[in-house]
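Copied over from Swiss-Prot, here are the features:
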BINDING   ASP43, ARG44, ASN45, TYR76, ARG310  AMP binding site
MOD_RES   ALA2  N-acetylalanine
MOD_RES   SER15  phosphoserine
MOD_RES   LYS364  N6-succinyllysine
MOD_RES   LYS470  N6-acetyllysine
MOD_RES   SER524  phosphoserine
MOD_RES   SER561  phosphoserine
MOD_RES   SER639  phosphoserine
MOD_RES   LYS681  N6-(pyridoxal phosphate)lysine
MOD_RES   LYS796  N6-acetyllysine
SITE      CYS109  site 'Involved in the association of subunits'
SITE      CYS143  site 'Involved in the association of subunits'
SITE      TYR156  site 'May be involved in allosteric control'
Amino acid sequence: MAKPLTDQEKRRQISIRGIVGVENVAELKKGFNRHLHFTLVKDRNVATPRDYYFALAHTVRDHLVGRWIRTQQHYYDKCPKRVYYLSLEFYMGRTLQNTMINLGLQNACDEAIYQLGLDMEELEEIEEDAGLGNGGLGRLAACFLDSMATLGLAAYGYGIRYEYGIFNQKIREGWQVEEADDWLRHGNPWEKARPEFMLPVHFYGRVEHTQAGTKWVDTQVVLALPYDTPVPGYMNNTVNTMRLWSARAPNDFNLQDFNVGDYIQAVLDRNLAENISRVLYPNDNFFEGKELRLKQEYFVVAATLQDVIRRFKASKFGSKDGVGTVFDAFPDQVAIQLNDTHPALAIPELMRIFVDIEKLPWSKAWEITKKTFAYTNHTVLPEALERWPVDLVEKLLPRHLQIIYEINQKHLDRIVALFPKDIDRMRRMSLIEEEGGKRINMAHLCIVGCHAVNGVAKIHSDIVKTQVFKDFSELEPDKFQNKTNGITPRRWLLLCNPGLADLIAEKIGEDYVKDLSQLTKLHSFVGDDIFLREIAKVKQENKLKFSQFLEKEYKVKINPSSMFDVHVKRIHEYKRQLLNCLHVITMYNRIKKDPKKFFVPRTVIIGGKAAPGYHMAKMIIKLVTSVAEVVNNDPMVGSKLKVIFLENYRVSLAEKVIPATDLSEQISTAGTEASGTGNMKFMLNGALTIGTMDGANVEMAEEAGEENLFIFGMRVDDVAALDKKGYEAKEYYEALPELKLVIDQIDNGFFSPNQPDLFKDIINMLFYHDRFKVFADYEAYVKCQEKVSQLYMNQKAWNTMVLRNIAASGKFSSDRTIREYAKDIWNMEPSDLKISLSKESSNGVNANGK
């Protein structure tokens with residue numbers, strides 16, 4: 001059980017984690033016991049640890065609701081511009097500890113739970129991750145919500161309340177096996193259902209043209225039931241809302257069709273409608289054109305836009321003239337950010353509402369729509385770009401297809417006027433692709449229908465402008481921007497690495513939590529040996545703690561004084577976990593060749609999920625686990641080298657492994673990783689980076705100095721040159737004896753003696769269709785890794801470099817990113833007002849839920 005803090009520790013933490021005050025603690029204990037009794041209907045004799053978690057969650061939630069209501073009243077009174085962040089993914093992780101930190105309740109809660117004879121850490125571990133995302137894109141949305149609340153922006157996250165989030169990954173005999181993530185099984189204390197705001201969403205049907213205008217009729221209706229989750233800002237009394245929609249069948253669903261009287265079957269068929277919000281599609285950077293997925297995309301968009309318009313009409317700006325609402329002020333009151341193309345149907349849907357329902361002329365509707373929407377691009381991989389078959393859209397959303405055709409016609413008219421003879425340019429820029437079955441290019445729809453398009457790191461935004469959407473940026477160069485991604489320092493430092501957060505606060509004060517650029521002040525301590533030792537001590541404590549966790553959870557013993565070399569992210573060929581694997585085998589071979597030679601001990605930790613249908617990614621996991629099996633059981637290797645595959649990598653596991661990491665692997669082929677955010681988390685937590693000049697690594701090197709990262713391998717231009725020349729994997733295989741040995745071992749069954757040809761698909765890919773050129777960077781990577789080992793032996797030099805990285809990581813706060821979106825795209829002003837809680841929180845009748 002965690003012991004209570006000493007007075008000195010309390011003083012040190014007072015501002016960051018709140019004041020412990022006797023009254024606070026007494027009140028929290030009272031709230032806890034009240035919830036145990038009245039909410040959970042248990043006493044201490046029969047309560048389980050899960051009951052205690054729920055009692056604590058409800059107690060903390062009590063401290064949110066007044067602020068939540070008060071924030072919504074404040075927005076209702078002041079009518080600020082609102083921003084709506086539309087995303088099919090919100091990878092939130094756990095909520096309890098983050099809420100305690102942002103409300104300044106952590107110390108008081110720790111003390112209360114200790115006095116109640118319970119273990120806070122045990123209770124925190126009971127909470128399920130809200131895994132409503134695959135990886136970076138969904139986690140970015142979660143960080144952005146935290147920053148928007150902390151900056152006092154009137155912001156709403158809108159998405160889907162998936163009943164099953166990203167699958168739980170089990171490793172059986174070295175293979176990934178997926179299990180359903182029934183995260184709501186025990187209930188979710190953080191959400192509030194809002195059935196009073198339930199809205200209809202239409203599918204199928206047909207389009208009718210009448211005197212009065214166009215109507216979409218004979219549709220199937222599914223209801224969207226909103227669940228609200230509070231999003232607290234850091235210590236500013238702002239609590240914003242994430243509203244997730246759940247699909248419900250209407251009460252008369254299918255009953256009108258069953259004249260025969262098969263009432264039971266009609267009720268059972270309600271499941272078909274409700275399947276829309278059943279499960280998150282587990283693809284990262286890959287497009288799967290399934291009807292259910294298209295339904296999900298339209299479902300979230302249709303429900304959200306009705307909600308946005310309802311809220312606009314209820315405000316003083318939604319003024320009426322004789323006929324209906326005047327929407328001129330709409331873009332001054334509403335900004336909608338599309339997180340990738342997944343919510344792209346919002347563009348034709350808003351046009352449908354304006355033109356068909358609100359009876360606006362097309363040109364007016366289009367002008368308002370364009371001013372309202374902005375689009376963030378997240379990937380340049382062609383297989384990830386959404387291209388929906390026209391016949392599927394025609395069946396599911398016939399009116400939207402007509403609107404998309406109309407948008408495209410006007411768009412192409414413009415192209416033809418500007419480039420009269422350039423037919424190929426029209427083909428390239430059309431929203432409709434003709435070759436191989438008609439498809440709608442959703443990225444093109446977004447670019448045409450938005451006033452701003454941004455990439456997520458400088459290098460990525462350049463590639464977007466000069467390669468992927470070159471024609472569009474020639475047409476409207478001012479539309480294209482860069483907004484380098486960021487991470488929230490609340491979760492990714494205060495919560496996951498309290499030792500480091502406190503150490504920094506001792507040196508520079510605690511204001512850095514809301515202004516991470518202040519970390520540059522740490523540069524003045526690079527010569528302070530005592531401070532460097534303290535930083536190293538925090539890292540060692542984190543490594544020890546993680547080692548104990550691994551031993552308990554995975555029954556693996558590792559050497560906590562070895563270098564922790566960590567590669568955690570989705571398993572994908574472009575992220576090149578294979579390159580890491582080849583290096584592991586190379587190190588193994590070197591130890592075996594000369595066992596007496598000194599070797600810097602390493603624990604290589606690789607983790608991440610493979611999409612269930614991605615054969616190559618699953619083979620990569622099997623290779624890693626097979627190599628681990630051989631390496632970890634070779635007595636000649638002993639504790640010099642260990643390989644761990646980290647099962648079921650997720651937000652709550654990232655919070656454990658990142659603070660314990662020495663070396664962060666960011667080794668995608670240059671030009672393939674849009675930004676990455678794991679790289680930033682490692683940097684902030686005192687790991688050094690080995691990486692290519694890709695994504696945000698480029699800007700990390702810019703901030704810290706390239707000499708303070710381990711940069712290797714081809715740059716974007718080198719990759720292009722190699723493509724032009726023709727990449728011949730065999731040349732590298734023949735020229736590099738160590739690489740040849742490694743590949744031969746994999747090929748001849750050294751790591752799969754019972755199935756010698758198990759990895760033939762990997763070998764075949766590496767030689768004949770490796771788009772990501774693993775062999776081309778192998779030599780540079782291995783050499784760079786030798787430099788890493790050398791530096792690790794000089795702990796003072798290593799820790800100096802660590803401090804330089806931490807001091808340079810301030811740019812990568814999502815607060816900075818959101819300030820840039822607010823200024824350059826949304827035209828909104830962050831507010832540092834601490835909302836007053838004085839107004840009676842119970843009198844907000846007309847503000848409630850608005």
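Backbone N, Cα and C atoms are what each Cβ position is placed from, and that goes for glycine too.
Shown on the structure are the features that Swiss-Prot records.
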residue	record	Cβ within 10 Å
ASP43	AMP binding site	11
ARG44	AMP binding site	13
ASN45	AMP binding site	5
TYR76	AMP binding site	18
CYS143	site 'Involved in the association of subunits'	27
TYR156	site 'May be involved in allosteric control'	24
ARG310	AMP binding site	13
LYS364	N6-succinyllysine	14
LYS470	N6-acetyllysine	13
LYS796	N6-acetyllysine	11
Check the DSSP secondary structure of SER524 (phosphoserine), expressed as helix, strand or coil.
helix
Validating a neighbour-count step here. Other CB atoms within 10 A of the CB of SER639 (phosphoserine): how many?
13
Cα-Cα separation of CYS109 (site 'Involved in the association of subunits') and TYR156 (site 'May be involved in allosteric control'), in Å?
28
Quick one: Cα separation, ASP43 (AMP binding site) versus CYS143 (site 'Involved in the association of subunits'), in Å?
37
Between the Cα atoms of ASN45 (AMP binding site) and CYS143 (site 'Involved in the association of subunits'), what distance do you get, rounded to the nearest Å?
40
Which of the recorded positions ARG44, TYR76, SER561, LYS681 has its Cα nearest to the Cα of LYS364 (N6-succinyllysine)?
TYR76
Three-state secondary structure, TYR76 (AMP binding site) (per DSSP):
helix
Helix, strand or coil by DSSP: which one applies to TYR156 (site 'May be involved in allosteric control')?
strand
Count of other CB atoms lying within 10 Å of the CB belonging to CYS109 (site 'Involved in the association of subunits'):
29
Nearest of the binding-site residues to CYS143 (site 'Involved in the association of subunits') by CA-CA distance, picking from ARG44, TYR76, ARG310?
TYR76
Between TYR76 (AMP binding site) and SER524 (phosphoserine), the C-alpha gap once rounded to whole angstrom:
46
